[in-house]
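If you look up TrEMBL, you'll see B:H69, B:H71, B:E76, B:H117 marked as Mn(2+) binding site. According to TrEMBL, the oxalate binding site annotation covers B:H71, B:E76. Feature annotation from TrEMBL assigns domain 'Cupin type-1' to B:24-172.
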Number of protein chains: 6
Amino acid sequence: MAVYVNGKVCKDPNLVEAEDFLFSGLHIAGNTSTPSGNIGTKAIIPGLNTFGLSMARGDFAPSGFSSPHVHPRASEMVLVLEGHLEVGFVTSNLENRLITKFLQVGDVFVFPQGLVHFQRNARGDTHVVSLSAFSSQNSELSRVSVACFESNPAIPVDLLAKAFQVDEKTASQMGGI
Amino acid sequence: MAVYVNGKVCKDPNLVEAEDFLFSGLHIAGNTSTPSGNIGTKAIIPGLNTFGLSMARGDFAPSGFSSPHVHPRASEMVLVLEGHLEVGFVTSNLENRLITKFLQVGDVFVFPQGLVHFQRNARGDTHVVSLSAFSSQNSELSRVSVACFESNPAIPVDLLAKAFQVDEKTASQMGGI
Amino acid sequence: MAVYVNGKVCKDPNLVEAEDFLFSGLHIAGNTSTPSGNIGTKAIIPGLNTFGLSMARGDFAPSGFSSPHVHPRASEMVLVLEGHLEVGFVTSNLENRLITKFLQVGDVFVFPQGLVHFQRNARGDTHVVSLSAFSSQNSELSRVSVACFESNPAIPVDLLAKAFQVDEKTASQMGGI
Amino acid sequence: MAVYVNGKVCKDPNLVEAEDFLFSGLHIAGNTSTPSGNIGTKAIIPGLNTFGLSMARGDFAPSGFSSPHVHPRASEMVLVLEGHLEVGFVTSNLENRLITKFLQVGDVFVFPQGLVHFQRNARGDTHVVSLSAFSSQNSELSRVSVACFESNPAIPVDLLAKAFQVDEKTASQMGGI
Amino acid sequence: MAVYVNGKVCKDPNLVEAEDFLFSGLHIAGNTSTPSGNIGTKAIIPGLNTFGLSMARGDFAPSGFSSPHVHPRASEMVLVLEGHLEVGFVTSNLENRLITKFLQVGDVFVFPQGLVHFQRNARGDTHVVSLSAFSSQNSELSRVSVACFESNPAIPVDLLAKAFQVDEKTASQMGGI
Amino acid sequence: MAVYVNGKVCKDPNLVEAEDFLFSGLHIAGNTSTPSGNIGTKAIIPGLNTFGLSMARGDFAPSGFSSPHVHPRASEMVLVLEGHLEVGFVTSNLENRLITKFLQVGDVFVFPQGLVHFQRNARGDTHVVSLSAFSSQNSELSRVSVACFESNPAIPVDLLAKAFQVDEKTASQMGGI
């Protein structure tokens with residue numbers, strides 16, 4: 001029986017072996033043939049349970065983007081390995097201040113826990129490769145456009161129309177990436 | 001000089017007095033003449049610093065709603081005091097499952113930390129009064145439509161258009177409540 | 001097999017459903033026909049495990065009271081919904097300062113973690129309804145008069161007599177509410 | 001200006017010296033000429049701020065006792081260095097089960113966080129010396145008889161009388177050790 | 001099936017009994033006929049799981065020592081019960097400052113979490129008895145000479161030779177206590 | 001006045017700006033002309049205070065190595081960006097098991113909090129570039145050979161000689177990298 005603590009399975013520490021601490025393949029470019037031109041690849045490490053840490057690679061095709069999203073349980077620190085990455089996060093209500101930067105290779109930026117943020121390939125001609133660290137073994141991700149417009153079942157369309165100040169027909173046609 | 005720890009000022013414990021633990025006025029209905037027909041009233045308590053707890057009242061006019069939002073640092077537990085409240089939260093990616101309920105007076109519901117959730121007065125003829133507790137003295141709130149479409153400065157409109165799958169003209173006219 | 005973490009059972013996050021986040025009935029007045037004229041009703045929510053949050057309703061008959069007690073694992077924030085509530089907590093040794101307030105409807109007061117506190121219906125003619133939030137899913141409660149004079153088995157009566165400065169006969173007749 | 005975090009002053013880590021980590025004198029017997037025949041001596045260590053740890057010595061004259069008390073922020077582990085020590089803690093409501101032991105030299109016992117517990121010299125002819133560790137740099141202590149019957153100002157006597165099931169005259173004469 | 005949380009097995013709180021909170025025998029001198037003339041005796045307490053606390057006795061023959069080591073998950077507070085104990089810890093890189101003290105009976109000293117520290121019987125004619133508390137139920141211990149020179153399998157000898165600036169022959173003959 | 005919480009200065013959240021979340025230059029190869037052929041470059045981010053996260057780049061000349069060390073307050077996750085990296089950590093006493101791996105580009109490995117670990121360029125002809133994330137904003141680092149043999153002032157040489165099982169003359173000539 002698997003036992004979940006903070007979303008991860010616990011293991012008897014005497015039974016761990018090297019493979020429990022290893023993930024291979026983060027050098028492999030993710031397939032960016034997605035609607036957003038962006039794909040994330042998480043390092044899946046079995047022994048990670050309560051370490052408060054995880055890592056993922058990001059690939060962005062030219063003009064690809066990671067749409068506004070939150071990590072419910074983690075702050076994120078992103079490093080640009082290739083290309084130019086536009087990043088931003090929005091401070092909480094009532095301020096709603098966008099704190100934004102154009103990052104170059106070697107730049108590191110932090111997104112505070114739970115705040116809406118985005119990333120975008122700032123150029124139309126090169127790929128971006130980024131590397132992100134998270135302050136939780138179970139950072140999770142919630143894209144706000146998907147959570148709002150692609151949930152299963154759907155959030156009532158009239159509520160979405162009002163929240164985003166569009167007419168209901170538009171809201172019903174909207175989606176999320 | 002004020003010292004901030006997790007967003008709150010620390011105070012010498014020997015100098016505290018009853019007023020540091022008190023807030024008055026949570027019985028007063030908030031003014032729901034807002035675009036969303038909803039208003040929140042937080043209990044502001046000076047001595048709260050590291051207690052990991054806070055409380056707020058919610059008022060919803062008929063059909064009023066609290067648009068999809070996250071609390072970056074807290075889970076929320078909401079109790080319906082008056083009226084009928086429709087609530088829902090969306091689990092994290094890739095599942096994006098909407099977990100929803102129509103709450104009656106006396107119902108309590110929990111929104112897990114950092115997940116997108118909404119609340120709505122489910123009736124067109126009565127007010128709703130709710131009471132929420134948060135697992136942080138500094139729960140913060142980020143409305144996703146405001147964070148996306150009303151930030152200062154603005155998130156690039158072409159990114160928003162793609163994220164929410166509307167044309168750029170529509171995106172530029174959208175707002176957030 | 002149930003697995004306990006901080007006093008609550010863990011559940012596979014993929015199997016949760018709306019009922020795991022719901023409790024109904026906190027609008028129902030508890031039966032205050034108790035020796036203290038007070039009764040608490042906890043919101044029992046299965047999916048609460050590591051959320052660091054819980055909620056309870058308090059009912060107080062005229063002159064009813066919640067005798068001095070501690071919550072071993074939580075701070076408490078109480079809101080008065082009906083009536084007038086006298087509250088107080090005693091700071092730790094050696095100060096032992098009573099910090100007290102007469103609360104009205106809409107007043108919120110905080111009891112810091114682990115400190116002895118009490119609540120009392122300050123009027124003889126009306127009921128009090130209160131709503132409390134706790135900074136733990138497993139706040140627990142220990143009434144000091146019950147823990148001292150009604151434990152099973154009993155604490156030695158001579159120790160209690162000395163601690164509370166009564167003769168042993170009195171101590172042996174004392175009880176706890 | 002002193003800055004308090006969890007009740008302790010923070011210090012620039014580059015300025016610490018050996019004395020910040022040192023306390024001398026825990027071998028010195030405390031003066032047990034107190035009403036309870038018990039005295040505690042805390043190790044006061046300036047650099048302890050966020051270490052989550054503290055230590056104290058206990059001395060008990062023959063028949064001396066540490067009256068029922070709680071540590072609001074810490075579990076306690078006690079070791080008997082000399083003599084025989086009777087210990088007990090009461091589980092939380094509604095169980096209120098007394099878990100008790102007669103400890104000999106070399107015995108270690110744990111009192112879980114926030115639960116009412118007591119210690120007593122189990123013999124009338126020898127001293128007891130104990131050593132306690134706490135899971136907080138700021139464990140605090142609240143004696144329930146003192147908090148209830150010796151607070152400043154006093155808790156209303158009629159409430160105490162009912163809570164402890166004595167008449168008001170007795171309650172007004174009671175005290176706390 | 002045993003479930004591990006932070007290295008300890010969880011237990012249903014309703015099934016605990018006094019023995020779950022008890023360890024006997026910390027008054028028994030450990031056998032210091034070890035290569036280092038030092039032995040530690042941990043108090044093994046079944047119900048300790050998430051209490052963030054543990055305790056151990058240290059015995060040091062004349063000139064016995066506890067070689068440089070770290071506790072990966074805990075700060076340590078040590079009290080000298082008998083004899084004279086020389087203690088020291090080294091602050092982190094780049095400072096590498098040795099903070100050291102000769103402790104007498106009744107002295108308490110703190111070793112901050114994860115820093116390399118040692119203890120030594122400062123006299124050649126008497127035993128030392130010490131008592132240590134740790135800020136974790138699962139403090140663990142890693143002796144740096146053993147971890148480096150006695151691991152199984154071995155760390156490559158050329159790396160050790162360079163790290164410790166000895167020739168490889170010497171490194172291959174080195175061991176750890 | 002700067003206020004330190006967990007080793008970092010706190011800042012009023014309303015005054016933060018983009019530069020508080022930014023570090024530039026992690027693409028720049030560190031100068032590996034060090035005795036160990038290894039150099040680390042930390043991303044210094046002013047607004048990091050309580051985020052529980054930090055990041056650093058590692059450069060290893062051919063045969064360069066990071067000598068056995070611990071991070072007192074953090075687990076580490078390392079990603080190989082270029083070259084081949086041999087890594088290992090030693091489990092705690094009494095097991096002292098070396099868990100080791102030869103990592104290739106794209107491999108990720110985790111070093112649990114506070115355990116002795118090392119990294120080495122496994123090839124003699126190419127550089128290694130690695131990227132590490134830490135589960136603390138203040139992970140700190142203590143190299144065991146430096147802490148033992150290069151502290152200021154020095155740890156007594158006879159203790160080191162015995163701990164590492166060399167003669168005192170050798171111990172006095174040893175150093176740390």
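In case you wondered, yes, glycine gets a Cβ from its N, Cα and C as well.
Note that TrEMBL annotation is computational and uncurated.
Mapped onto this structure are the features recorded in TrEMBL.
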residue : record              : DSSP class
B:H69   : Mn(2+) binding site : strand
B:E76   : Mn(2+) binding site : strand
B:H117  : Mn(2+) binding site : strand
For B:H71 (Mn(2+) binding site), nearby residues of its own chain (Cβ under 8 Å, 6 or more apart in sequence):
B:F111, B:Q113, B:G114, B:F134, B:S136, B:S139, B:E140, B:L141, B:S142
DSSP helix, strand and coil counts for the domain 'Cupin type-1' (B:24-172)?
22 helix, 57 strand, 70 coil
Non-site residues, in chain order, whose CB comes within 8 A of the mean position of the CB atoms of B:H69, B:H71, B:E76, B:H117 at Mn(2+):
B:V70, B:A74, B:F89, B:F111, B:L115, B:V116, B:L141
Could you tell me the mean pLDDT the prediction assigns to the domain 'Cupin type-1' (B:24-172)?
95
Take the Cβ of B:E76 (Mn(2+) binding site) and count every other Cβ within 10 Å, whichever protein chain it belongs to.
28
Please list, in sequence order, the residues in the chain of B:H69 (Mn(2+) binding site) that are at least six apart in sequence and whose C-beta is under 8 Å away from its C-beta.
B:V116, B:H117, B:F118, B:L141, B:S142, B:R143, B:V144
Determine the Cβ neighbour count for B:H117 (Mn(2+) binding site): the number of other Cβ atoms within 10 Å of its Cβ.
25
